[in-house]
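I have placed the structure first, in the form of structure tokens, so that the comments after it can refer back to it.
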Amino acid sequence: MMEVFMNFLDQLDLIIQNKHMLEHTFYVKWSKGELTKEQLQAYAKDYYLHIKAFPKYLSAIHSRCDDLEARKLLLDNLMDEENGYPNHIDLWKQFVFALGVTPEELEAHEPSEAAKAKVATFMRWCTGDSLAAGVAALYSYESQIPRIAREKIRGLTEYFGFSNPEDYAYFTEHEEADVRHAREEKALIEMLLKDDADKVLEASQEVTQSLYGFLDSFLDPGTCCSCHQSY
């Protein structure tokens, strides 16, 4: 049984690796300093919807979970998101403001259809009938973040004039915290998995696709990854 489960986790990780955000053209351009300030601003404002929604994803799973140990792990992640000042939403705002976006601009921003679709995908799986699939949706995202955060910091400091660590503290925080979150989420999938392995893999496929679709929205149609890549 353990070997079968490990093969299942390998399948999950393969789905994520085959559509890793760090390989997306938008993040490749970020790492090379090839994005414009306007592209970074548009991205930062549009990503805000997901940042605000992330604690709700966790709450949706936590509130319906009967396993005490699983709830503790979910609550630990949720507390990381919302506790203290600055919390993760505050840290994201610091990044956005460092790009020259005003608080009024950020709050008045109308999220794109791609941003709404991404959040809707996460929420659908996190509120669905499979708790393991909901956690898999989170794992498919958070397991990628440490590498991405490290590369974002490098790009921001080398090419985009970021010298104050507070301006990219959101990424510094997630470079470390999401290593633990991903490890805990992998354990949670094992704890919560029933006969819903297919849903777990489906959740990962849909989430990784929605993440790519969101990043595509900041590129010219001819360079978007979803237009000419298949996995």
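Each residue, glycine too, has its Cβ placed from N, Cα and C.
For His181 (Fe(2+) 2 binding site), other Cβ atoms within 10 Å of its Cβ number 24. In the three-state DSSP scheme, His181 (Fe(2+) 2 binding site) is classed as helix. What Swiss-Prot lists as Fe(2+) 2 binding site is Glu81, Glu142, Asp178, His181, and the listing cites experimental evidence.
Residues or ranges marked as Fe(2+) 1 binding site in Swiss-Prot: Glu81, His88, His174. DSSP assigns Glu81 (Fe(2+) 2 binding site) to a helical segment in the three-state reduction. Counting only same-chain residues at least 6 apart in sequence, those with a Cβ under 8 Å from the Cβ of Glu81 (Fe(2+) 2 binding site) are Phe54, Pro55, Leu58, Asn87, His88.
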